[in-house]
Amino acid sequence: MIRGVLSLLRPKQWVKNVLVAAAPLAAGTLLHADVALDTLRAFVVFCLASSATYCFNDVLDAEADARHPTKCRRPVASGVVSRPVALGLSVVLAGGALALAGPLSFALVVAGYLVVNIAYSAWLKHRPVIELGLVSSGFLLRAVGGGLATNLPLSQWFLIVTAFGSLFMVTGKRLSELTAAEHAGSVVRRSLTYYPLSYLRMILGITAGVAITAYCLWAFEVGAAHPRGVWTAISIAPFVLAIMRYALDTDLGRVEEPEQVLLRDPTLQVLGVLWLVTFAVGVTP
């Protein structure tokens, strides 16, 4: 039972919540004690909130998951955790996230995240295009929440990079799922049947282009405000290469779980470290 509850929380997905550190990192204040504590609290809050939405989603999808070749092993679908327990846990986790949020502005972002995910799970997950926007908004809300939790201003370019970068990753996930399913001849989720591969590739190209352009403008804007700002310009190179590598993984059908690709692809990891180092050097006073 305990193992089932832990599995229901999907702790492997918590890596997505590291996005709350994006704004403090960009401001060069992540290592300040007060900012670090506020960032850690924001991370914990989003871990609670995201786990609440996973519990709720698994309750709604229990019957469909039970017929799926791999999702049938999920705790609710397999009967390890009952629906009332999962639903109760979802309510407790959501309440805990809102109680711990602190500043009203951050609490409203967390509440918005919960509402968006409830709407997605209950009504909108099979609505093409809309579901892409809803899923990608979860990444954007994490980044915005990190800025509000630490009381840091959010650059317009930062928001554009985050928004289109999120949509790029989610579109890549859908394209990868569809590509892998077609190669294996397996059944795809209902929402994927509305997407031609050519359409997803077009969206992938558009979002990548906007994200890269906005990042270049943001990097130069940030660099102009710091004495070692040339390093933020240098960070453009690993950022662009990482986008290109992720697009390749997408086309090869490897991005059904983006967070797992980031943990398993050594090339992406190296590019990520190079980006982090160059950007951090550029914004460090």
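Placement of Cβ uses the backbone N, Cα and C atoms for every residue, glycine included.
These come from TrEMBL:
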| type | residues | note |
| --- | --- | --- |
| TRANSMEM | 144-169 | transmembrane segment |
| TRANSMEM | 199-218 | transmembrane segment |
| TRANSMEM | 230-248 | transmembrane segment |
| TRANSMEM | 268-284 | transmembrane segment |
Query - Cβ-Cβ under 8 Å with the transmembrane segment (268-284): same-chain residues at least 6 beyond its ends - result: 25-28, 219, 222-223, 226, 228-235, 238-239, 241-242, 245-246, 249, 261-262
Query - Non-local residues, at least 6 beyond the ends, that sit with Cβ under 8 Å of the transmembrane segment (199-218) - result: 132, 155, 157-158, 160-161, 164-165, 167-168, 171-172, 174-175, 178, 236, 239-240, 243, 247, 250
Requested in this report: State the residues, same chain only, that lie 6 or more residues beyond the ends of the transmembrane segment (230-248) and have a CB under 8 A from a CB inside it; answer 'none' if no residue qualifies.
Outcome: 168-169, 172, 204, 208, 211-212, 215-216, 219-220, 222-223, 255, 261, 265, 267-268, 271-272, 274-275, 278-279, 281-283
